[in-house]
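So that you can see what the record holds, here are the features copied from TrEMBL:
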DOMAIN    3-268  domain 'Kinesin motor'
BINDING   Gly105, Leu106, Ser107, Gly108, Ser109, Gly110, Lys111, Thr112  ATP binding site
COILED    402-429  coiled coil
COILED    951-992  coiled coil
REGION    1009-1046  region 'Disordered'
Amino acid sequence: MASIQVAMRCRPFVGPGDLGVELRQTGDGPAGGEVNILNSNYTQTRYGFAYAWWSAHNHSKYAEKDKHIAADMKFISQDLAYEACGLKIKEDLLNGSAVVMFAYGLSGSGKTFTVFGPDAADSPDAWFKHAEPNDMWGILPRLAYSIFNEKTDEWKVTIKYFQNVVDTVRDLTSPSASEQQYKAGMRKDQDGFMDIDWCGKVVVNSWDELRTMFQQCNARKAISPTQFNHQSTRGHCVMTLEVEKPDADAPSMKHRGRLYVCDLAGTEPAGDIFYAEYKKVPQDDGSNEYQLVGPHSNQAKTKELQDQGKKINLSLSEMAQFFMKMAAAFKKGQLKAGATIPGCNSYFLCKYLKDTMMQAKTYLFCAIRPETKFHQYTYATLGFANNASVIKLDPKKATAAASELERKLMKELDEMRELVAQLRKQIAEGGGGGDAKETVAAAEQVASLQRSMTVKIQEIQQEADPSAAAAAVAYEKQKAHLQARGITLSSEVEDVSKLNTPYLINLDEDPFRSGRMLCILEKTPTSFGREKNDVRPQSMSMVADHCFFDGSGAKRSIKGGKGAAFVNGQLIKSGKTQELNDGDRVIIGSELYVFRVPGSTAEIDEDTAFEEYRLALLSNSEYKGQFKQAASGLRVGGKNMSLDKKSAEQLEEEMMALYPKAAEVENLCTMLDREYIDTSVVLQSTKITSASKEDAKVAVKVVNRNANPVETIYLPAFEFNRAYKILSDELYHLRDAISAEEYYVVPFQHDPLMLLFDSTFHVGTAVLFPEYLIYNLETDDSERLCEVFPAAASGNQNMDAGKLDVVWEPLPGPEGATGSVLDIIDETDLLGKSWTYRCRIKQALQLPMICDLCYCEYEFFDGYGYNTFATETVDFSSRPTRSPVLEYEYEHHVECVTEEFLAWLKKPLEIKIFISLDVKRPDQLAGTDNQKVVDLIRADMKLPAQRVKTAQGADAALAEAMERIQSLQDKVEALMSENEKVKKANKRLVMQRRVALAVAMEAAKGSYPDTGMEAMKAEKAGKPPPKPSAREASTKKKGSSACVVS
């Protein structure tokens, strides 16, 4: 019976420190690798996994303790790691099995290195920059290189590669930056494996094609510099490699092996992260070393990173919960191999991966650090892996029959090959005795046949995957729409540096969108703006005749028009002209570009460009002065919250950046038939009772006036910006469709209602006063319902937002300790002693809005530092409610109570409540069949009114049906999860009743030995009980009694 194969690997030291782990491979099998935690106080210090790899090659330089242990461990190189399991993975893949590899661990711990090797797009050591095997290659490059060396024309290799960033999925292979809400198109394929059906599937014919594709894709990943890694991936990256090849034993059948490579985001708690500044130091070997300088001066970047990190943590926590529950169920014998538990479906990671990995051969590659200072992260990773290692799998293979057309094409291909072989033989023999002309003719015929064979292979691949042809058609349509607006996709230009005309290329802080669009300045002059201009960028900030470019040869100048335009941060006034130089940064409306000339070599400092962009827009903002009004109303605990000058300036800059986008989103909502949605930029405090300047944050308040009750949600900047970009894209898809008289409907997942309201957000905070916990007292029934204050803007927390049922129960000690709880008379009696409590959060009651998802979060101080705890995210999508049941419990233990811990217990404890709203599908989506939408857009485009065609095309009807099917499937799964909970509750009640009856029977027999059973039967039948016997009456007179429970 297969189980998840866990490989634990320790990376090299990053600096001096005590050795914290020991890894040894002692044998084969599920526990052939041994991991020991050194120099710690943890209760469990030994773990067994399939593989334990020690890769800290620099231990002699940095290890300060237990050097002899480090020296005695066997070093595991990339080559040895591949030999240990990579060869087996390749064999399973080519035999038609599904294989899952996922990498888990702290950012910078080496998880990506194990699976891929160095993979930064700008690194000279990146695996895809080496055409031949390299010592630094990870498992995937070695495996793929080997497969392409064995590949024949009958084989088909395809790749999907996408990144999950919070609530969206981004197709990294897409040349046009396609991204959608993560639920869109997520469904099981014909083999029962989860798939994102709209993501492109790229046919890869050679190793070099794969390398090129990865270099392009990795440059598009969402990454940020943190103290753990100068290029920390801010989302889960998933690649599927599918190998389809004929079955040697049954030529009419095909093996379809699949490899899922899941490189998960870092597991570090969001509160531990800061946006870091690094110094790039060139090395003698041509590589670069990145040295950590410290936190970035702009704290807004850290806040955004932490907001993102919280969402990542939720996704990873749900996966950890899944493994923990699965491990418990398998240990109790409650699950068969390959079966899964219901629930754990609230976030992308589990929703996409859990069913697939249960029917695949799954490998978990965990990465840890060697130093003791990382013990808390190491221990968490080991616990995660330990649960995963006991889960039993039921792997299956995928096979498919070749279609009639495929078989016909394959037969034709075989005939061509035979003819080519004959002709080559003829050429080798000198044309069969003929003259030189016949030999040349034969060679030309061979070349012609080889071209035909290439076309035939492409036809076979398209027949096997018709979705690829559909994706190609969609891409061509989008390319045509952009060209009609004067924009060229950079993917259409083989090498932009070889263009013979000056051009602008877009620059975006989001690498996924950066460098995608070219504005080639061929026409002179070239006008930028709206409908009648030459170039019409995808931005509502553009106005007619916004600005103009003129010049000849490689020289261009910009002339100010009716809109705002900047060059290198300087405003170009209307009618004024400025010469452009290679590498100049040009801002047109809200779009940032870099000006390039033929043969451009100028390097661009992107950080400088983005800072310049930010300052330029601020200097031209019409929203100055609004910050003071927002800050003056910010109150916490009944007092005004004070902000120092630096904090106020940073918050004002954040608000200034969001004001125009909020106004634009309101306009977008109106254009998309959602005029009842209002947006505004507000200032909030993340705490209710007391707060410092670090607790002030900027958010976007979004109100749905059409809901009953009215729905209000507060979005962090990064989530709002994501919605803003997708809504802008959708409006322009509609504008293009209307211009081309094509049919288009905005998918429900991209409707303003879904993008803005289908997101977990902080709805309110429950406040309790835990001082009584000093005295080992249990929560009184009268105090268990804590008032919830709304997470409102400007400190407006004087409204009732419901209740939260919270109980704290004192325990004699940790982990099931027995005995009595210590009586505490004076708080000093607790100093130096241990303290253990069970926290129970049962239910939120009468929240202000109906939710379909809920979880709570609070900070606990253990005397040494703060740790964030969160309940499990509970899904109520099948039965949305205002009173979600959470049933959370956790045992908090403090080994030695300190003065600091007592002081913390005397302060209010805040428990934040997060929910996701129950978003209802509107009666009509925004599309070219929506008369109101068409009228608004045509009026904005200065086009005459036109009646819409209400008949939907077959494709659109199918897409809508698939959306509804997916929605129903989600509800069915949620109901199944709820049904399992009800079954368990009923089982508990039945057992309790049986126990009570047994107790009652024993009591009856003891006190009423003669008539006890008859009395119980009579009571059950609703009849009067029999009279007690003389012996029973005599016993009762002496004072004994019994209570009968029915």
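The backbone N, Cα and C atoms fix where each Cβ goes, and this holds for glycine too.
Annotations in TrEMBL come from automatic prediction, not curation.
Structure with TrEMBL features highlighted.
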residue : record           : Cβ within 10 Å
Gly105  : ATP binding site : 28
Leu106  : ATP binding site : 24
Ser107  : ATP binding site : 23
Gly108  : ATP binding site : 21
Ser109  : ATP binding site : 27
Gly110  : ATP binding site : 24
Lys111  : ATP binding site : 26
Thr112  : ATP binding site : 25
Whole-number mean of pLDDT values that fall within the coiled coil (951-992): 61
Cβ within 8 Å of the mean position of the Cβ atoms of Gly105, Leu106, Ser107, Gly108, Ser109, Gly110, Lys111, Thr112: remaining residues of the chain near ATP: Arg11, Ala103, Phe113, Phe228, Asn229, Gly266, Ala367
